[in-house]
Every structure is written in structure tokens, then in C-alpha cells.
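**Q** The structure under discussion is supplied below as C-alpha cells; questions concerning it will follow.
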Amino acid sequence: LVLLLSLAQLWSCHLVTAVPLLGYREHNCDDPEAEQVALLAVDHINNHLQQGYKHILNRIDKVKVWPRRPTGEVYELEIDTLETTCHALDPTPLANCSVRQVTQHAVEGDCDFHVLKQDGQFTVLSAKCDSTPDSAEDILKLCPDCPLLTPLNDTRVAQAAEAALTAFNEKNNGAYLQLVEIARAQLVPLPASTYVEFTVAATDCVAKEVTDPAKCNLLADKQYGFCKATVAEKVAREEVEVTCTIFPAQPVVPQPQPGVAGAAAVEPAPAVDPASPVSPPDGQSPSSLVVGPVLVAQAPAPPRAHYDLRQTFAGVPSMESGSGEAFHPGKVPVVVQPSVGAAPGPVITPCPGKVRYFKI
């Protein structure tokens, strides 16, 4: 009996060593293919943005490549991005957008992606992002007089945007513009003024003929614009400087018919954003906030000074393929280093990659 047990143990050990465990291989973060996947991920972010500003790739932090059955492989990617000066509605190509500098109170994004590579094609399976402005301490060390981001719901910000849009409409020979979103604001100490950036939408009214703005409707072919304004506080009056850039009209996208199989979802048009939605705490899905019949109350969201990328993908489920893929990043993996021999010594992982602009 003892001999049989010993033979059984030896056979089980043989099976364990004979069958290779599923593992990933680590990838050079500055490898051309890794950069290609990262740029695809950034495009995915910007294509889903309806508010805030476009982001650009700053650094690739980590790349893991998982095998997938029956074919293909999945890139698990961590990247850093930086906010640009191009609004999400601005059709300017990302390559022509300037990165917002540290002295302008830069915003950094942190994103996790899973991207499928199959038959030479890349497809985003899942995305998770958040973004954070640079700390006030770091900015003031570099530039003591630089204004910081101001909460978008500040009364002075709302008044400045309204005053700037009113001033622009009074001199505008085209369509009457309505406010869509206050995107960014700063309180400038000297001279005392409020700097604000906001988006607008054209209506079916002529600006100089409007008597009742409530009767003006947005155009069927949506046409948006982006405005920058400085409203200075003078004695008994305000001094307004405002410029607006109107983008080409967007053609109407056909709405999916109810009950039609395979109908594609249409992104909603941007809307006025008086308050940001409450996001679930880190590590919790929206469904986890409900325990039996009891709804767990959430604290009100703090005033925000920028559009957090977390809201772009909030509530969006993972799109990981259910076709029997061998992709389990939650399990303890076997790491396979590419082109690494069996020689003893520490393995140097070529990650994180290079910083393309600056790190905050």
C-alpha cells in the first residue's frame, strides 16, 4: 500500500511538471508594438470623451502579454496620460493639440487597459481610468504666482461664464449660442479676475435678434464651440475679454430602432453639467452598493475642478471575450521573460518606459 501511494505521488508530480502553467510575458514598455497598443488605448479614451479635454500618452508604466485560447493574446497595460488644451468636442487631431503645462495646473491620467490582439488586429476589451490635477504645493513651489484650478461650481466661475457668453452673443452676427459646459476655471489674484473656459452650442436663433433665449433650440446638426474668457473685477463694473471658436456642424447620427438586433448604441450629445455624478468608491462596482433591500447612502461628491476620466468609463462593464480565452490576470501567474536565458541573477524589467513630456 505504501509503495502504491508513493508511486501515485510520483506520477502526480510528473503530471504537474509536464503541463506548463498559464503565464504572461513581460514586455518592454518602449517597444514599438507596446506603444502602438498604448496609442490605441489613448484613442479609445478620447473617442469616449464628451466633456473635459483630450488626453495624450505620457508614459507606459507596465505591459503584460497573456496568451488567449484558442488564438490571440491580451495586452494588460498601465499608462499615464496628460491633459491637452483641446476640448473633447474639438475636432483638432490629437497630434496638433498642445499639452497643458505644469504652470497652467496640469492634469494627469492613470489608466488600465486590456487589449486583444488577434489576426494582427487590436481591440480594446476593457478600460479603467481616473485623472488628478497636480498638487497645489508642487505648482506653487515652481510658480508662486500661478493661479490654481477653481471648483467649477464656484459662483464667481458661473457668473464669469454667463457674462462672457452674453458679451459674445451681443457682438455675434451668427447664431445665438447656449452654454453647454464649464470646463475649466482659475481665480487670478493680480489683477483680480476670473479665467474660464467653456463650451457652447449653436441654436436656431440669430444672436442679435434674440428677445427670449428660452425659445431658441439647438440645431439638428449639432454645432459646438469652445470659448476662453477673462472677466476682470472693476469698480462697479466687469471688464470682459472673450474669444470663441465654432467647430464644424456634426451631422445627425441615425438613432437605433427598438428591437432591431445589432443596432449600435449612439453616444448622447453633451449636456449642461451643473454637478458631477457620484462615483462609487474605489474597488466597488455600482451593484456592490446595494446590500439586500438596504441602499447604502453615499456622501455628496466634493466640488470638482476638472473632468475626471473616472466618469468616462463609470458603469461601463468589462467587454472581455467569453469565447473560452485563457486570460486570468487575477490568478498568480508564471512570468515568462522574453529572450531571457536561464543564467542566475536578477531579471531587469524594461518598465516603466520613457516620460514623453513631464511627470507630475
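Quick reminder: no glycine exception, Cβ is built from N, Cα and C everywhere.
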**Q** Tell me which of 52-77, 234-259, 260-285 corresponds to the region 'Disordered' entry in Swiss-Prot.
**A** 260-285
**Q** Scan Cys29, Cys86 and flag the one Swiss-Prot records as disulfide-linked to Cys351.
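**A** As annotated by Swiss-Prot, the paired cysteine is Cys29.
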**Q** What number of additional C-beta atoms lies within 10 angstroms of the C-beta atom of Asn96 (N-linked glycosylation site)?
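**A** The answer is 9 other Cβ atoms.
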**Q** How far is it from Asn153 (N-linked glycosylation site) to Asn96 (N-linked glycosylation site), counting Cα to Cα, in Å?
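**A** Checking the Cα atoms of Asn153 (N-linked glycosylation site) and Asn96 (N-linked glycosylation site) gives a distance of 30 Å.
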